[in-house]
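Asker: Below is one structure. I have some questions about it.
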There are 2 protein chains.
Amino acid sequence: MSSAIDKVSAQIDANRAGVIQRLADAVAIPSVSGDAAHRPQVIQMAQWMAKSLEGVGCENIKFKELGKQTLDGQEVSLPPVVFADYREGKADAKKTVLVYGHYDVQPALKSDGWNTEPFKLEYDEKTGRLYGRGSTDDKGPVIGWINMLEAHRQAGVELPVNLKFVFEGMEESGSVGLDELIAHEHAQGSFFKGVDACCISDNYWLGTKKPCLTHGLRGVAYFKLHISGPAADLHSGLFGGVVHEPMTDLFAIMSKLVTPQGDILIPGIKELVTPLTDEEFKRYQVMDFSVQDMEGATGSKTTIADDKEKILMARMRYPSLSLHGIEGAFSEAGTKTVIPAKIVGKFSLRLVPDMTPAKVNELVEAYINAEWKKLGSKNTLRLEAEHGGKPWLADPNHWNYEAAAKAVQKIYGVAPDYTREGGSIPVALTFAETLGKNLLLLPLGRADDGAHSTNEKIDVSNYVEGSKLLGAYLHEIAAATA
Amino acid sequence: MSSAIDKVSAQIDANRAGVIQRLADAVAIPSVSGDAAHRPQVIQMAQWMAKSLEGVGCENIKFKELGKQTLDGQEVSLPPVVFADYREGKADAKKTVLVYGHYDVQPALKSDGWNTEPFKLEYDEKTGRLYGRGSTDDKGPVIGWINMLEAHRQAGVELPVNLKFVFEGMEESGSVGLDELIAHEHAQGSFFKGVDACCISDNYWLGTKKPCLTHGLRGVAYFKLHISGPAADLHSGLFGGVVHEPMTDLFAIMSKLVTPQGDILIPGIKELVTPLTDEEFKRYQVMDFSVQDMEGATGSKTTIADDKEKILMARMRYPSLSLHGIEGAFSEAGTKTVIPAKIVGKFSLRLVPDMTPAKVNELVEAYINAEWKKLGSKNTLRLEAEHGGKPWLADPNHWNYEAAAKAVQKIYGVAPDYTREGGSIPVALTFAETLGKNLLLLPLGRADDGAHSTNEKIDVSNYVEGSKLLGAYLHEIAAATA
Ligand SMILES: [Zn+2]
Ligand SMILES: [Zn+2]
Ligand SMILES: [Zn+2]
Ligand SMILES: [Zn+2]
């Protein structure tokens, strides 16, 4: 097997100019899903994907249409989800890996502050960086799979697993229609049949030096706290001291949700958090990360904890509660002496196992109702639970992860970090829950790639070694005992 | 004296059509001070004032120029302050009353929701109301003085006091330049020499039935609480739980300023409030006011107190603290999961004797600094004390008030209420402090006149009886023992 991986890797090195050109071709198509004017280019990118997949031997390539949407005031077609199979040899005896990625990108204008044209891939040989919109999110990783398949064919190495590709064109714009498509295909289609494990490459290393495997994501529960009293905004000269002020009530309630040290004060929340094990704690200890990295990321010395492990755990394995703002209060510059009559406080929790939006909603509602009664206000309170998403956690000892770890060791010569992310990637939860299979997040890019920012880049080494890593991973999958 | 007052009053009744026409002529000039495009009409209104004052026998009429200002991006001349004297007979033996009013108005467009043209006085004979911008704020009361002078001349009654008029054209736009002019005239001019008492008619009855004399105004102290931490806004998925969040700190501090029952929690504030006397309490008991009036004014049942006296005292004689809003937080509709990096909480206190902005600033700063230390946050706090204004309180047993009370009794057949207002009228404080003389607020209009609103009105009875009241007041001043 090692010889097979070596051959594929050598072929990718030999193709270096070609794989960079392939990424340049993809970046040149401004497949911005959030802008109706760019919708034709998103669809052009779907066609480019289909052609590229066909070119490296994929079959059964399908455009799954999702209908129409209204965007920027016009009705436009949703870009298709591209399905494709890769099978060769004794396919029925092989494991099957489902791969998800997205071919759409965030908007980008040179005038936003880019040093180069965002939709022209620029290779800076001095730094070894490839600049361009989509270079790391998510065209680079998506094309990594294509590079890997191409190298197998050119090197005459048979791919020892079957692949099922799902490439979406609306990820940066809310993945409209994707959940329904996955549910529908799972229930009625045949595409997802026989999948043994899933892999998504659409996140980043924790730092800039060491690869990682990501096995968890926090969920979210978002709340709007409506408080209303007077029929209209009042002047504090005339009414200050006379009426119960909705703002005073809101501050009283929202100040009781979380302490300045980040402790959530809602009874029952902490009890839902799964206890820390020694095995897990060791993962934080070895991670390629420092307090200074976090200070760099926030541009400040404002971490609650002063040691690396606590900071990592705060992001990855503990819940948090943030106060986001108030709708309906005085938010401009200046010094208006208004008593706002009707306001909406916004806050959200990040959820970890075994919290769920449903459980959290119940606890938040009970607590806020109890605290509200204590206030003795004549105003009116209404709590609205907005969008929620469950946390996701995979078993990092599953053969899917073991295969990826061996591949990292093979390509990079190090054991990967096992990270969890603080935010959500809803599609990961959808695949894991719908298919009931182990899912791996296998990032190619680095923490400083600047996805969604100006001057987005992927290091050429991450792109090239990443393409090799995807191949090595699949060979290790084949060798693993399921 | 009674016969003199009766003669003047009868003359005003005889002139009823004429005094209504005079108000119509003034309302027809859209002297909107807040709009550069209307500046010529403000200056036209100053000329109208000068001509009208001259027509009723005023002398020494002067336009006090205030220079220029930049408004709506253009440099425009400030409207002049109109000075005028009224003296006749043995003037040196008479008392002198300083009268202030303003000839500018708030903006008004029919499309804002007016039932009639705002700059055309409409007399609704069914309701007895005169509708038009400025009808009650402040053209009606200002012209009341002119009506009164005209009636004296026509009835052949000598005015038993001297008058000094100060009519401003920038009141609705911050009284730019007025304080400096008053200070300068007091120090170097001769206009204010010999003033014995002051009178301003630019506020309203407490209700709709009973006249009042107003002898107090609350002051204000406005604060901006700056809290900053991270260099830029952060995503709560990545950083929630990791950093000290400025919003959490802000809610912790601002929730400790005032209770939902309106109690100010800043130590030392309550001790500054002058104690309630029996005499004062009786004033609240007799006031023409009910809990229902307040519920009508706020369009809600949200008064903290459930009895009339407590509600009135909350507005008039106790301080209050209101939270106005947050600059820099998420204030739009929707569900953004942002951790705001740099925010400014806004709050203000309404001040009563013996609170001053200076004393309040000191107490607020000490308290917030102490509470901030308790939080143990690594973020940065800065408290900024914004504009402040002292409270004003006059002695309602002064002969100036006794004269006004007798005049109310004479014209309306009732004893007036002695009210204090919850808001500020900065010019009242300026005159009272600069001249060191007793100042009376003598409103002509009713609480429901809708100054600054659509369909502003003055009841024709308030306008006509009010013109008589101003005359009667001056005769009682002359009769009073100073
Ligand atoms: Zn992505
Ligand atoms: Zn993205
Ligand atoms: Zn006014
Ligand atoms: Zn006004």
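Backbone N, Cα and C atoms are what each Cβ position is placed from, and that goes for glycine too.
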Asker: Among B:ASP137, B:ASP233, B:ASP249, B:ASP263, find me the residue TrEMBL lists at the same Mn(2+) 2 site as B:HIS102, B:ASP202.
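Answerer: Record check against TrEMBL: Mn(2+) 2 site with B:HIS102, B:ASP202, extra candidate from B:ASP137, B:ASP233, B:ASP249, B:ASP263 is B:ASP137.
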Asker: Record says B:ASP202, B:HIS235, B:ARG350, B:SER424, B:HIS452 bind substrate. Source is TrEMBL. Which of B:THR214, B:THR248, B:THR337 does it list for that same site?
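Answerer: The one candidate that TrEMBL places in that substrate site: B:THR337.
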Asker: According to TrEMBL, B:ASP137, B:HIS452 bind Mn(2+) 1; identify which of B:GLU168, B:GLU172, B:GLU421 is listed for that same site.
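Answerer: Within the candidate list, TrEMBL flags B:GLU172.
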Asker: Near chain A: which of the recorded positions B:GLU171, B:HIS235, B:THR337, B:ARG350 have their Cβ closer than 8 Å to one of its Cβ atoms?
Answerer: B:HIS235, B:THR337, B:ARG350
Asker: Return only the integer: C-alpha distance in Å from B:HIS235 (substrate binding site) to B:HIS452 (Mn(2+) 1 binding site).
Answerer: 43
Asker: State which of the following binding-site residues has the fewest other Cβ atoms within 10 Å around its Cβ: B:ARG350, B:HIS452.
Answerer: B:HIS452
Asker: Return the average pLDDT for the domain 'Peptidase M20 dimerisation' (B:216-373) as a whole number.
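Answerer: So the average pLDDT across the domain 'Peptidase M20 dimerisation' (B:216-373) works out to 97.
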Asker: Count the other Cβ atoms sitting within 10 Å of the Cβ of B:THR337 (substrate binding site), across every protein chain shown.
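Answerer: Counting Cβ neighbours of B:THR337 (substrate binding site) within 10 Å gives 22.
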Asker: I'm trying to understand the geometry here, so how far is the Cα atom of B:SER424 (substrate binding site) from the Cα atom of B:HIS452 (Mn(2+) 1 binding site), in Å to the nearest whole number?
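Answerer: Just about 15 Å between their Cα atoms.
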Asker: Under a three-state reduction of DSSP output, how is B:HIS452 (Mn(2+) 1 binding site) classified: helix, strand, or coil?
Answerer: coil
Asker: Tell me, in order along the sequence, which recorded positions from B:ASP104, B:ASP202, B:THR337, B:ARG350 have their CA within 10 Å of B:GLU172 (Mn(2+) 1 binding site).
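Answerer: Candidates kept after distance check: B:ASP104.
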Asker: Of B:HIS102, B:ASP137, B:HIS452, which is closest to B:ARG350 (substrate binding site) if I measure between C-alpha atoms? They're all binding-site residues.
Answerer: B:HIS452
